[in-house]
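Right, one structure below, let's go through it.
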Amino acid sequence: MEFAAENEGKSGGGLHSVAEGVRLSPEPGREGVRDLAGAEEFGGGEEGKGLTGVKEIGDGEEGSRQRPEEIPMDLTVVKQEIIDWPGTEGRLAGQWVEQEVEDRPEVKDENAGVLEVKQETDSSLVVKEAKVGDLEVKEEVMDSSEVKEEKDNLEIKQEEKFVGQCIKEELMHGECVKEEKDFLKKEIVDDTKVKEEPPINHPVGCKRKLAMSRCETCGTEEAKYRCPRCMRYSCSLPCVKKHKAELTCNGVRDKTAYISIQQFTEMNLLSDYRFLEDVARTADHISRDAFLKRPISNKHMYFMKNRARRQGINLKLLPNGFTKRKENSTFFDKKKQQFCWHVKLQFPQSQAEYIEKRVPDDKTINEILKPYIDPEKSDPVIRQRLKAYIRSQTGVQILMKIEYMQQNLVRYYELDPYKSLLDNLRNKVIIEYPTLHVVLKGSNNDMKVLRQVKSESTKNLGNEN
């Protein structure tokens, strides 16, 4: 208080002018007090140049327009209280200023645009004056002898200012980043709205098409089905039926098909395991079925064998379950007292095979072959397939395999086409039904006829003698 009164008495209106010229800097990061109007000097200083002992900035500093360095006080307590000037009670431009600094200046930002600086001074007073346009800074010091410049404290303060500015810049960048994130979120939401299109409702019963596959039967449409047995692609039911007819495929997956060890996977192992379980389940079911345990009557088999033996034919029948046994449709007609045979015809030169059922034993071989190789009476479709036999001028030869021969020894009987089937089957062994091989005469084949073998053996004996 006394210090303020003495200053008021010495300076007169100068102190009032200083108070009016002092205002807070509105720029963030600048904590100094600016003096826009020059203050009268204390102790002989000129008006407008500030107090005595003030350092003026040279021309080089003004030209470079660098920010003036602030000189902190080392462990000084500065107090400044301005009281009892006319019309004002510590109020400067509508703002309260109470400056208190202990140990080092502290700056507190309470509101944006409002800065309260508290400084308490006991022996010396430092006032920093700066102009925005001219960058002029004036320092007023009561006792310049007590002011010491310490580089360490100055560097610390500069670092604190730099850190504070960095923090503010980071906050500003943080707000920008948040705004960018919000903008990106909005864009993502818009994209999701665009992507959320109504699902396509496929018609009922529409199956997924096999990618990049064509029907292997017609070759025009895209494949929709794949046969589990032969893995052939098909597009429709007619193509499925056609491929089954052409390849004699039943469409059922072959559980016992061969798979190499390189292609064997866990799915194949699981399939084999389930197959064995099915076999065990079927065997257990059969063992528990009382009806299946009954012995099958063999009266019909014995009757067929006895009738064939009476006619001089050695007929052999296979047990139930064999394929040839299932295919056999031979029966004995009691009214006519003759056999109606199941006959298989094979044409090796055309790779064709046909079956004749209910063939009476009094029918000749030529009559049996007439619907196949006769140029006039044969079926047109069969004639087209057996055109090699129809166009042949050498004629055909009818052979039948000899049963119960030694291993890897295959021989054939040559049948007489002008004799009946019964005459050709006498004194021969027949397993289930006769199979006739129709070959072209003079064709090079590995079929050796029994008559040729006998003639060759007799020739060899004559040459030795």
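Here the Cβ of each residue, glycine as well, is placed from N, Cα and C on the backbone.
The shown structure was predicted, so the numbers you read here are calculated from the model rather than taken from an experiment.
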Which listed span Swiss-Prot calls zinc finger, if the choices are 215-249, 250-284, 285-319: 215-249
Where Cys218 (Zn(2+) 1 binding site) falls in three-state DSSP terms: coil
Nearest recorded site to Cys218 (Zn(2+) 1 binding site) by CA-CA distance, among binding-site residues Cys227, Cys230, His243, Cys249: His243
Binding-site residues: Cys227, Cys235 - member with fewest neighbouring CB atoms within 10 Å: Cys227
Per-residue Cβ crowding (10 Å cut-off), top of binding-site residues Cys215, Cys218, Cys230, Cys249: Cys215
Cβ neighbour count within 10 Å of His243 (Zn(2+) 2 binding site): 20
Any further residue of that chain within 8 Å (Cβ to the Cβ centroid of Cys227, Cys230, His243, Cys249) of the recorded Zn(2+) 2 site: Arg229, Met231, Arg232, Ser234, Val240, Lys244, Leu247, Gly251
Neighbours of Cys215, Cys218, Cys235, Cys239 excl. site residues, C-beta within 8 Å of centre, Zn(2+) 1: Arg214, Glu216, Thr217, Gly219, Thr220, Glu221, Ala223, Tyr233, Ser234, Ser236, Pro238
Rounded inter-Cα distance in Å - Cys249 (Zn(2+) 2 binding site), Cys239 (Zn(2+) 1 binding site): 13
